[in-house]
Amino acid sequence: MGQTNVTSWRDFVFLGFSGSGELQHLLFALFLSLYLVTLTSNVFIIIAIRLDSHLHTPMYLFLVFLSFSETCYTLGIIPRMLFGLAMGDQAISYVGCAAQMFFSASWACTNCFLLAAMGFDRYVAICAPLHYASRMNPNLCAQLVVTSFLIGYLFGLGMTLVIFHLSFCSSHEIQHFFCDTPPVLSIACGDTGLSELGILILSLLVLLVSFFFITISYAYILAAILKIPSAEGQKKAFSICASHLTVVIIHYGCASFMYLRPKASYSLERDQLIAMTYTVVTPLLNPIVYSLRNRAVQTALRNAFRGRLLGKK
């Protein structure tokens, strides 16, 4: 290996940006800028919703935890990527790689089930508006959030154990910019058939189960919207779900492409582009989509910026 002299047998080396050359500093500036915008946007949404009593409803509670989950997800990936671009050190320890995979997989799975919980919330809001307050009570919301986090961590632990019980004896060069399951699995030696099957089963469980609940929720939502007599009423009902649907399509589209395919179809350039979408773009897109399409969030953000909710009246 070309970089064996800077690593030990317990190290991995990221090759994701090895061909960037002089562009690495430009990429560092670009990704740092995007990351700071993402971090700031999510933090402002959390603060604005937390401090505005008018937004203490289940829909915005789920949005707070989705922003928190996305923030934690990026914390496990982007700072290490930025460090590698800035310092030229693309080595990561065996334990560090396992930890990065565990936390990134856990938060990614958590996001899936939080999106499912948000879909259920929209179902109750549109299909049973008169019973919304009683059905989406604080206890149920707390249970849905806690369940999403617990399931996410269990699946993250399962995926990490499936990968890191293998041996890595032929190459420790990861054709990626972080320890994601497909590229790490691709460098394992020996028969990886069972591990591939295990990752596929876990990925299917996470994606299909959560997406099943989202699909069922929106099937009932669509049926209810079609019964609304006025076009204006239908448009208003659709607008309630537009932000959530946009995030769902992007999140599940990227995740399905990355994890529901055989190891033989891995491609460095294509996979890095998809990975950039769900590690950099999607966490940035969430606050933009929700803030641009939601007047209540816009108002809360303006108040937070002006200091009206921060004790600067």
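Backbone N, Cα and C define each Cβ position, glycine as well.
Just so you know, TrEMBL annotations never went through curation; they're auto-generated.
What TrEMBL lists as transmembrane segment is 26-48, 60-79, 91-120, 140-164, 199-225, 237-260, 272-292. Positions annotated as domain 'G-protein coupled receptors family 1 profile' by TrEMBL: 41-290.
When the stretches 26-48, 60-79, 140-164, 199-225, 272-292 are ranked by Cβ pairs under 8 Å to the transmembrane segment (91-120), first place goes to 140-164. When Cβ distances are compared across the two stretches, the transmembrane segment (272-292) makes no contact with the transmembrane segment (199-225), since fewer than 3 pairs at least 6 residues apart fall below 8 angstroms. Cβ atoms under 8 Å from those of the transmembrane segment (60-79) belong to residues 31, 35, 38-39, 42-43, 45-46, 49-50, 100, 103-104, 107-108, 110-111, 114-115, 117-118, 121, 141, 144-145, 148-149, 152, 178, 279-280, 282-283, 286-287, 290, 296-297 of the same chain, restricted to positions at least 6 beyond its ends.
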